[in-house]
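According to TrEMBL, the compositional bias 'Basic and acidic residues' annotation covers 1-23. The annotation compositional bias 'Polar residues' is assigned in TrEMBL to 27-40. Summarising the annotation, TrEMBL assigns region 'Disordered' to 1-45. Here TrEMBL flags 53-73, 85-105, 125-144, 150-171, 178-195, 207-227, 239-260, 272-294, 306-324, 330-349 as transmembrane segment.
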Amino acid sequence: MEHRRAKDQESDGISQKDVESLDRMSLSDTSATPGLSTAGGSKGKNTWKPKSIVTLALTLLTSSQAILIVWSKRAGKYEYSVTTAIFRVEALKCLLSFVALYRTWNSQGVTEDNRLTTSFDEIRVYPIPAILYLVKNLLQYYIFAYVDAPAYQILKNLNIISTGVLYRIILKKKLSEIQWAAFILLCAGCTTAQLNPLSDHVLQTPIQGWMMAIVMALLSGFAGVYTEAIIKKRPSRNIYVQNFWLYIFGMLFNLVAIFLQDFGAVINKGFFHGYSFITVLMILNHALSGIAVSMVMKYADNIVKVYSTSVAMLLTAIVSVFLFSFHISLAFFLGSTVVSVSVYLHSVGKLQQQK
């Protein structure tokens, strides 16, 4: 799921959660971004196709992520084991990282920076973000007992705030006035989108849903900032190697979660009990989302990711109208618009800092 969001993880703003850790690939690709995203010249003409493809892929994957989770339910419950599904996502990401690393070995050879063999001092830092992402990913499933898919797409942008504040506290990075203004707008937009004029309750999402969203944002933000600190400690280290070890620990901790939460069901019914075609699509979606974000950061830029996130919120709402009879109220439309503007302003503020 979106594990690696060291710069992202919104799918999610500074880094966008879920994620996911593969987002961290953009840190090593930053030097290539300006040339690849140049509007004019032959280089810009040669890259418009990959930019368009990865942007479209990210938009579709992001917009369908929450829908697939909700759709995978039967009578309001998950018939499959959530912990096994998360384990499968981690295993698939680990496999994809290894395949990418194998291609690197074929093209560049095995070097000190891309070999898998390593020391205990290097890998001992990965369990911390792996545990944080595990808890965050579990919450990502259970939050849908309190929110619908469109509301989730909006609320998960709260990790922009948590990541920004943690950047300021942990990495001592200053935030611009534009970014602070974007934080305020983001809070206002999330609240506006949740207004419920047809009920005595002011907000549609109950307090449990808000608390889950806030905890998810904090976990995603801290994991992303911590992971970025790990990368910067040894920037020459191949990103696929770092992802590989992070996913290995993610798989190990997910096995522990399976044993603690779903051991009886897995033993009696099997590892894949309750899986459907939608469940398989959901697992593929979460695994590929992190790759799509990293590819956007490689072939395009952060602004493109912002546009994808904003369009994804709208697409999720439209599809939910047909699948789940979701009602797009004026409050939701205005709130999602404010959220989109705030995400854009935050991105602009970040780019101004980098200049």
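Including glycine, each Cβ sits where the backbone N, Cα and C put it.
Because TrEMBL annotations are produced automatically, they should be read as predictions rather than curated entries.
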*When only pairs 6 or more apart in sequence are counted, do the transmembrane segment (178-195) and the transmembrane segment (207-227) reach 3 or more Cβ pairs under 8 Å?*
no
*What stretch of 125-144, 239-260, 272-294 shows the most Cβ pairs under 8 Å to the transmembrane segment (207-227)?*
125-144
_Within this structure, do the transmembrane segment (150-171) and the transmembrane segment (272-294) have 3 or more Cβ pairs under 8 angstroms, counting pairs 6 or more apart in sequence?_
no
*For the transmembrane segment (53-73) against the transmembrane segment (330-349), do we get 3 or more Cβ-Cβ pairs below 8 Å once near-sequence pairs (under 6 apart) are dropped?*
no
_Considering the transmembrane segment (85-105), which listed stretch of 125-144, 239-260, 330-349 counts the most C-beta pairs under 8 Å_ = 239-260
*Would you kindly check 125-144, 239-260, 330-349 and say which stretch has the most C-beta pairs under 8 angstroms to the transmembrane segment (150-171)?*
330-349
